[in-house]
Each structure stands twice: as structure tokens, then as C-alpha cells.
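S.K.: Questions regarding the structure given below will be posed in turn.
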Amino acid sequence: MPIPIRDDPMVDHDPANPQVMSAFYRRLFPYRPFFLWLNQDHVPAKLYTHREFAFTLQGDVYIRYNSFHTSDDFKKEVLRLNPSRFEIGPQYSARPRDRKTLAAGALQPQRRELVFDIDMTDYDEIRTCCSDKKICKRCWGFIAAAVKVLDHALRETFGFKHLLWVYSGRRGIHCWISDQHALDLNDDQRKALVTFLEVIKGSKEQSKKVNVRGAKDDADLHPALKDGLDQLKVDFVKLILRDQDCFRSERGWEALLAILPADRDVIGPLRSKWQSSPTASSEERWADLVDAVKVLRKGNTTLFRKYERAMEDVILQYTYPRIDAEVSKHRNHLLKAPFCVHPGTGRVCVPVDPSLVDEFDPDTVPTVGELLNELDRIPPEHVEGGTKRRAEDYEQTSLKPYVEMFEEHVAAILKDGRGVKRALKEESMDF
Amino acid sequence: MFKPTTRHNIASSSHLPEVKLSKRHSTSGQPSSRWPYRLNFYERPPTLDITLEEFETFAIARLQVLSHIESLSHRSLPYAQLSTAIATYLKQHLPLSSNTARNVDLDAERRKDEIGHWVLRLAFCRSPDLRARFLRSEISLFRHRFETDDVAERAQFLRSLEFDWQLVDETEKSQYAHELRTCMPWGTKDEQFKAESWFKVPWYTVPDLVGARRVFIKAGMAYVPQSLQISLVLQAFGSRLEKALELTAKNLPRLDEDERLFPVIDHLAASFLSGLGASDYRPDGETSGAVVTADMVDDVARKHFPPCMRNLYERLKRDRHLKHFGRLQLGLFLKGIGLPLDEAIIFWRKMYGATMSDDKFNKEYKYNIRHSYGQEGKRANYPPKSCQQILTTNQPGTQDSHGCPFRHFSPENLQNFLISTYPQIDRSSPEMRDIMDSVKTAHYHVACTRVFEVTHGLKKGEGLSKDGESVVHPNKYADRSRELEREKLEAVKAKDEDVSMD
């Protein structure tokens, strides 16, 4: 019996297979831009040499406090250990690898990119399409809305320039900020910034999770939140009312009523109306609410204001970024590095352009298997005189646009850094 | 005369020209050029001559103030109460008057304030922990003074610091008028808005205001209204002091040694670590008059002994024996509450009871009792041990009962001990939680003070005296307890007399 020959032999590249990961680290991982991104200079500086790397090996062995002199050292170690993923920590006051020879307390975190982590699990109570570890193009809408607001706040309000958004490989997104003054922030300052940005707080047992209007809950929104709200109004209609249809089910609209101020004359009629029309869409229900509140405008202005504010809070509660605050507050928190492979999905943690985040589809992110298959298909090279530059492997795969995006980001950081250095030099010449 | 001049200069590495001032005793109310304002950022190390005694006493005065502020801040008092408590304590221990004050030697006050600060810098720069605690207390002290300062003088002082805060001009103010207004307290009137002015600073210099969303932020700059200026000032004060302390720490090993200085500095740091000002117990006239006899000890113990002594006494009753340091701790305490030597001998003889022969007692124990009363050996009259000594010296071994229950008991044992000893304390009561929280954060004296309050029917924060003093000495605990009992008795007596008059 003839063996069927496929012209596209799909080899199964399972990320749990050590050889697959080894091939990925050998041929695809972009070491050079990765080094420059962390180091912010061409010569290895403390930002790299005193930086902690933590490796997770196959079989969940966790090795902390690694540090490297050069990018080549790092590459050698990665190839030797062949980790399933690795994380990046702060620049310490000494080399983390030397920690056993140091006096107690001598190893202190000093500088670190400001990082953010948004994870889909925090949206489980409101998303209707998937739950738990799953994610689809539809629930990515929450992440997209969050990224746009957070990106805007970080740039416009806090004045950061060098933001790198990275898909976490499954159901979340990370942000790394490499501005000089972001690196220099101490833990108190990071905490202050996160508290400023953190809007949704409260446990599972608490329905209203947005409390941003002072002690009496009657103040106007802070300008930065108002900015965010204006952006989110559009997403709220598109995402919550239409796509996710959050208030169609009884559980959904009861959750909505629970957040609103408890006034019998407003809530009572709404509840009975919605109970009698179990199939009404979220858009219709929201319109009912808007009408009911509009009536108040003429008679009871105080109550009208109260409901108006509460509706703004609803929009915030359903769409405002739900950040994992602990990750951002402390410099010594470790976060998975960009271009790692997610061990569960095999997808590469690629950079995401925040201006195109709406179009981003996690399902189209290349997996390590696809990339290796692409490499396998490259025809054997014909060496012509040996002068032609041999193309990097990644350039011949679908990883190319992501690496290029990363390189551009790194170039911008380096350019800024050079400017700073030159200014410092000139200053020191004055003496 | 001793001159710490060079040391201070090394420690601070200041490049300012040396201003040498001799001790100045101006009785006029006019401030001198060295201290033109009441507030001080302590940027220029003092280069004047001081005596060794001043070096220590000024530092101790300030240390007492800082420890007091620290223990107050751990008692979560309402702001107004905290502020008055600090004010009364400061007035007593480290007064500092405004330029407008009359009949006050401003220079002497400010000199004391400044020297105290710089000496404590030397004492507290050595470990990150000490630095952080010193910094926090100093900031609280500065904040209190800043808030209570004369408005005009404060403005002058701020001008003298020449901060490079950028003032927001009118065009920018009108451009962001709406945003700036939303960040002001609700119900701000138009005139108030017009009269207000803003400074523009990088947002990370005012993290407290950012975290609370109390300022408008744009492109990394926070717009801080004049009314919230205190945040900026405290931030500047804190960050400068922090840097200076780190610098001092680096330079401390190079400080040329003066064996008279280091013991003082060491002692100061140790006192602060145990949470108290360095002070020996000196019985005051009223209480020492009341003599305690051997028979009375049991009754006094139940009513007035602090937890550490109560524990030792119960142990002694149960085991008919105490190890050496336990005997010493309890014995000196008893001397402090007024047990004379002959009564002490009767007391100890009785306590050992039949477990010990008269011969053995007379040979081995009587001597030690007489010794601790200054009747043997070098005839030193040893003072009763303070909380600081109990906490930091002669740590109890496995067989020992001495020490501080809050520090040397495991949390479970401490709880059991408190419950079985004091009927007022319950395992699940909020008081117990307060006590255990203080223990967890190593504020043993706060925990002990809380026990005092609970067992004497006092409100939280009242402490040993009106200004919320905390327990720093077992004998002070006992004295105050007996004083309270006397007051109560007198009140009852007065009432009885009233009744009989009718």
C-alpha cells in the first residue's frame, strides 16, 4: 500500500516537546533587540547585568535570581536550560547571581520598567461568551477597550512615551513602560499611580465596584476618568449592549439594578417591565433605563443627578480596565518576557500595536508550531559567493512583523536614551 | 569643652562656608540670623561649640518627642486628638516658638531643636530600619510644626527655601479651568477658584495626592493648589532628609572616633529601637512615701503589677523559685514600689517557703537581696529596670520567666496569659485584637499601654497620663495604677461625706 505523500508535511510541534522549544530558542528568539530593550544601550550596563531573570523549566522547576553579563551569556544559558518560559525582574543593587555572597539585605531592587497586567479572568463576571481559560475574538473586546483607555491615560496624563504592549499568549495583555522616569519610580510612587488608575475595586460579594466620587459619592469624576469615560461610552454600546448583550439574561439585568441607587419608584417599574419581557435585548433595556431617568430630570433634580452619575459608574464598571494592581506596585514583581511561548497554547507573546488593538485577533498570533513549520518549508539556501547576507530565520516566518515592531520600539528608546546621555555629558563638561 | 564641629561636617559633606557661632544667650525676642524662622529644613549642619552634656540632653529631649509621636501614631487616634496630644507633649519637652512669641529665648529653643536633630541623625542613620522610623517621626514632627506655624512666618520660610516649583500662569489656568475646578473640593465658589493658584510639579513628587486623585495631572505634571502645598513641602523635607541620612550612613565609619561620642549615640539608637526615650525611673515623692510591706505584696500584685511583674510573681508563687534574672527584675521592681530591705528579706523568705533551708537562704540569697539594695559589694543603689532594659538586655533562656510577656511570649501563650490574668480581657474582644496587632508590629509598649487602659477602665488612647503617655517603665505602670486607685478612693470618700452631710 503506497504511503500517501502530502506536499505540506505538518509535523506536530507541541510546545511541551523540549526539542520544539530548543529549536525556537536556537532559531527564532530575537536576542539582540531583547537585550537592547532591557539594557537601553549597546554596552551592557547595570540595567542588564544586575537584572534578575527567572526560568521555569519543563516540569515546573523554577529558578530565580539568574543574571548575565552579556546577551550571549543569556542565550547560552537559555539554550542550556531550555526553559518553558522565563520572567524578567528588576535591576538590583548588585548582581542577583551573587546574592549568596552578599550581606543580608544588600540585594535591593532598584530600577524596573513600569508594568501592567490585564487578565481576562477579572472579566469573568461580566463576559457572556466564554469563561475561565477560554478567550475568543469577542471577549478580546474587553481587553481592547482596556488597552485604549490605559494607553491614553499613561501617555496623556502621565506623559510616558515608550509603551510596549505584549499579548500574554492566552487571555491577557502586558504593558512595559521603559521611560527613564518610569524606571526610576519607587514602590510608593508606583502604588500611587496604580491607585490613581484603579477604578474597579471590591470583592465578589460587592455589586457596586466603582467608587470614585469621594466619601459622599457625589463628586464629579476626576478629569482623567472623565476622559476615559468619554472614550468608553462608544465601547459600552458596541461591546456590552450589542456584542456581549450583558443585560439580556435575568442574572445580567439584576446585576445592573443592584448597582443603581435603590429608589423604589425608578427600580420597581423597571424590574416588572423587564420580568415581563424576558427576551428584550440589552440595548432595549438600557433605553428603558435612560427613559426612566429622563423623567426624573424635570421633577426631581437631585435624584436625576444621582442616577446620571450612577449610569456613568455602570459604564466604568463594565468597561474600565481591570488591572492586576499587585503586579504594578512593586519593583521586584516578575513578569513573563515578551517573545516567550505560552506553554499552554504554544502562542508567542508578541507585541501589540495599541492603535490597532481592536483588529487584533488572538487566534491569528503565530504558534511555535506554525513558525517551525514555516522554517521547515524554506528551500535550502544557495550560497552565491558567500557575500550575500544570510537572512535571519525569523525574517522568513510570520514572526517578522512582530520583531520589526519590537525593533522600532527599541530604536525609539535608544534614541531617547542617547539624548539623555549627551545632555549629561555636556553638563559634566561645564565643570 | 568639646567640639563636634568636624564630625558634623564629615557626616553631612556640606560645602557651605563654615559659620562659627559661639553660644549665644540673647534674651530679646528677636531671632538671630542663624535661625530666622521657627521651621527648619536642617540643611546646614551646626558648627558651633557644644558641651558633651548638651550633646546628650538635647538629643534625649528630641528622642522622647519622636518616640512619643511614634507611639501616638500607632494608636490610630482621631486627627484633632493626635494633634493636641503632640502639642502638649512638645510644649513640655521641646518647645519651639514663633518669632512673634514674647519673653522666650528663641535662639536657645532653636539651637536645642537643631542640635538634637543633628545628633539623632548620627544615631539613626545606621540601618535602613532605623532610618525609616526616624524619617517618619521627623516628618510627623515637621508636619505638626508646619501646620501650627504662624501663617506669615511660614510663607516667609517657604520663600527662603527657594523651591523650583513652577507657578501655573493665567493662560494655562483658564485653559484647564474646568479640570482644575473638578479637582477642587465640591462646592468651591468662583471667588475661591479665582484666588487659588497652582504649582506644576512632576506627578511622582506628590504620590499621596496622586493616589487620592486630588490633583489634576496632565502630561506627567501634577497641578497642586496652594491649599495642598503641605504635601509638596513634606515630600521635599522627607526626600532631602532621606538622602542626607544615607549619605551620613556612608560616611559614619570614617567619622574620626571619639570614645565619648559613640556610647551616647549607641545608647540613643538602642532606646529608640525599644520604642522609648532613655530614662531611668526615679520614684517621685508622693508614691515612694507609701511603704509596702511583705504582706501587702500579694494584694498590690493583683491590682497594680504590670504584666511582666505579674507573670514573675505568679511563677514565684507557683514554683517557689525564680532564676537569677527573674529575681533581679522582680526584686528591683519591688524596691521601686516601696518595699524596704527588711520587708524584702521577709517577702523572699516567705516565698521560697519550705523548699529552702534557712541556712541556704541566708548564705546564698540574702546577700543578693542586700546587694540589690546597695548594702553589699560596691554599695550601688541599682535602679529598677526600665522596659527598654527588660526588652533588650539579658534575653530570657528556656528556663527563665523574666523579660517582657509581649515580646518574649509566643502569641498563643500571651493570649492565654492575658485571659487568665485579667478578667477584663476576652479572647475575641476588640481590645485583644488591638493588643495582638501591636505585638505583631513589635510595639510592645503600645500593647502594654492598651492592657493598662483596659484594666483601669480607661478609653483607648488615654494611656498613663492625660497626653496619652505609654508605658516605658514597669514602676511607672504601678505608680499610675495606684494613683488612679487613690483618686477613686478619694472620690468615693468625698461622696460619702456629701451623703453624711445631708
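FYI, residue positions are counted from 1 along the chain as it appears here.
The backbone N, Cα and C atoms fix where each Cβ goes, and this holds for glycine too.
According to TrEMBL, the protein carries these features:
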BINDING   B:CYS308, B:CYS387, B:CYS404, B:CYS448  [4Fe-4S] cluster binding site
DOMAIN    B:299-477  domain 'DNA primase large subunit C-terminal'
REGION    B:1-32  region 'Disordered'
REGION    B:460-502  region 'Disordered'
S.K.: Under a three-state reduction of DSSP output, how is B:CYS448 ([4Fe-4S] cluster binding site) classified: helix, strand, or coil?
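M.R.: Once the DSSP labels are grouped into three classes, B:CYS448 ([4Fe-4S] cluster binding site) ends up as helix.
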S.K.: Per DSSP, what is the helix/strand/coil residue tally across the region 'Disordered' (B:460-502)?
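M.R.: Within the region 'Disordered' (B:460-502) the tally stands at 28 helix, 0 strand, 15 coil.
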S.K.: Residues with Cβ closer than 8 Å to the Cβ of B:CYS308 ([4Fe-4S] cluster binding site), same chain and 6+ apart in sequence?
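M.R.: Non-local contacts for B:CYS308 ([4Fe-4S] cluster binding site): B:GLN329, B:ILE390, B:HIS402, B:GLY403, B:CYS404, B:PRO405, B:PRO474.
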S.K.: Give the three-state DSSP assignment (helix, strand or coil) for B:CYS387 ([4Fe-4S] cluster binding site).
M.R.: helix
S.K.: May I have the list of same-chain residues other than B:CYS308, B:CYS387, B:CYS404, B:CYS448 whose Cβ is within 8 Å of the Cβ centroid of the recorded [4Fe-4S] cluster site, in sequence order?
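M.R.: Everything else in range on the chain: B:PRO306, B:PRO307, B:ILE390, B:LEU391, B:PRO405, B:PHE406, B:ARG407, B:TYR444, B:HIS445, B:VAL471, B:PRO474.
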S.K.: Mind looking up the mean pLDDT for the domain 'DNA primase large subunit C-terminal' (B:299-477) in the predicted model?
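M.R.: Mean pLDDT for the domain 'DNA primase large subunit C-terminal' (B:299-477): 86.
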S.K.: Have a look at the binding-site residues (B:CYS387, B:CYS404, B:CYS448) and report the one with the fewest Cβ neighbours inside 10 Å.
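M.R.: Lowest Cβ count within 10 Å among the binding-site residues (B:CYS387, B:CYS404, B:CYS448) is B:CYS404.
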